[in-house]
Each structure stands twice: as C-alpha cells, then as structure tokens.
Amino acid sequence: MLAKTCLPRKAWSRKGENGVVLVVGGSWLYHGAPFLVSMAAMRTGVDLVYTAVPEKIATPIRALSPSLIVIPLRDYKLTSKSVDKITKVLDNVTAVAIGPGLAKGCEKGVIKLVKLLAENNVPMVLDATALFGDILLHVAGSRVVLTPHAGEFKRLFGFDAGDTLEERAENALKSASTHRVVVLVKGHVDVISDGREVVVNRKDPLTAAMTVGGTGDVLTGVVAGFLAKAVSPFNAAVAAAVANGYAGMAAAQKKGLHITPEDVIAEIPFVLKKYDAVV
C-alpha cells in the first residue's frame, strides 16, 4: 500500500504542489496535540503545514518549530468567528485535520468548518473532539476519514466498536457503509473500512509501546499528509496506519517501552523514504 500511496514528485514542482495541510485543534490543556499532528503531517513530505490554535498557545507552538505556519485564534475554543479566520487560508489548503486537543463545547464551530470543507470538496480527517454523533450528517459522502479509538467510536456511532477483531471489522464496515465515510478504528490492531471492504493492520508486538499519549495524533497527521497529496481517503487511511505502525516499531526497537510520540514522528521519514521517487 505504501508503494501505491507515496507518489513520485515532479522535479520541477513548486512549493505547495506537494500538499498543504491545515491542522485545527488545541486548547489551554492540550497544546501538544495539534503540534504532533502538524509535525507528523510535515514528515510525510508535504510542502506546508498551517496550524490553527487558540491564541493562548500559539506562541509556545511557534517556539517548538519554525517549520509551522501558526494561525492564532482569539477564542479559547473553535467558534464561528474562529472558523471565519481559518477560511482565509483555505484556498491554499489540500487537506485538513480537525479535532486533536480541541476544547469541549466546540460542536457548532466544527460543524461550520466541516460543512464548508465538504461543500468545497476538501479532504479531511476528523479525530478526538471532532468525533461526535451530529457530525455524521455533515460528512456523509465527503472525502473524509474518521479515526476513533474504541471509546470515541461509541460516542460517534452510538454502539460499541466490539471486543473481538471480527466484531470490530463488522462494525467498522457497517458504520462506514451507513454514513458513506472511511472509518479507521485505532487499536493494537487497526481496522479500516470504506463501507465496501475492510483492511486489518496487524502490528508488531513492539508497538505495545504506542499506548503512550500522542501516537493517535501522529496517526492523524500522517492521514492528513497523504490526503493532501490527493490520495483517496481509504488508501490514505490504510497507508497511514501501516506507516504509523512501522514508525512506532522502529522507535520501540531503539527505546523499548519508553518512547514518546516525537520518537515515532522522527521515524516516519525513514519508513517512507524507500518509496521516494522524482520524475
């Protein structure tokens, strides 16, 4: 799947032609999540990453990496006014990640942004706070990947993801088919479905180290990076799950059960570079 997903880069391409990601997330408590998403997306090889976060955490995120274009939002959560500011950069964006670290109570803002993206056929990946039942009405049939863990799956769809792999596969297929979306159920074994087929990503036992907080944000960033390169939502989800798992395994081979999400991000280029090509 990675060989099919990592498309050749044109030798004469210009900045912006290899993907531009917008990450919308963060709060006073969870300032790290949008940063991790952004850096993971950057490591997939996109050209630019915009990171829209509450003004209170904008400066710390700027200090963490000069590679990111940080958009400070005046409100402490994603509001209608915040979305209006975000729309100013949408003409340049080829994929959007929404949710990681967002404060609770931002449903109206998320819906407004998602509707706008769907109307303009912009690919998106939704995670964390952006996964709530009412959002399903607004993403059906759009170019979207939903990335819940088991708890978020129940909040989103109203029933359990399942205890066994067979149950998770069946429920992912049913949910994706019903709502016409791509569903990536995160776990020790990832389950991905577009409503027509199911792919199971079995990972090395070393990836048990990936229970550390933030690795789900890394996965979201990798999905966004692939989406930004015009990869289909289903292929982007499958490839991201595989790449994230390999990166986590590589990090754990070096550091055992003591990895951080930054360790996983650092391994992403080494997972993907074997598929690099310039034409």
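Note: Cβ is positioned from N, Cα and C throughout, glycine not excepted.
No curator has checked TrEMBL annotations; they are predicted automatically.
Annotated features in TrEMBL:
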DOMAIN    1-275  domain 'YjeF C-terminal'
BINDING   Ala33, Gly101, His149, Asp217  (6S)-NADPHX binding site
BINDING   Gly216  AMP binding site
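The record assigns Ala33, Gly101, His149, Asp217 to the (6S)-NADPHX binding site, and the maximum Cα to Cα distance across that set is 15 Å. Taking the centroid of the Cβ atoms of Ala33, Gly101, His149, Asp217 as the (6S)-NADPHX site, the other same-chain residues with Cβ within 8 Å of it are Gly25, Tyr30, Leu36, Val37, Gly99, Pro100, Asp127, Ala128, Gly213, Gly214, Gly216, Thr220.
Cβ neighbour counts within 10 Å, taken over all protein chains shown, single out Gly101 as the most crowded of the binding-site residues Gly101, Gly216. Cβ neighbours within 10 Å of Asp217 ((6S)-NADPHX binding site), excluding its own Cβ and spanning all shown chains: 31.
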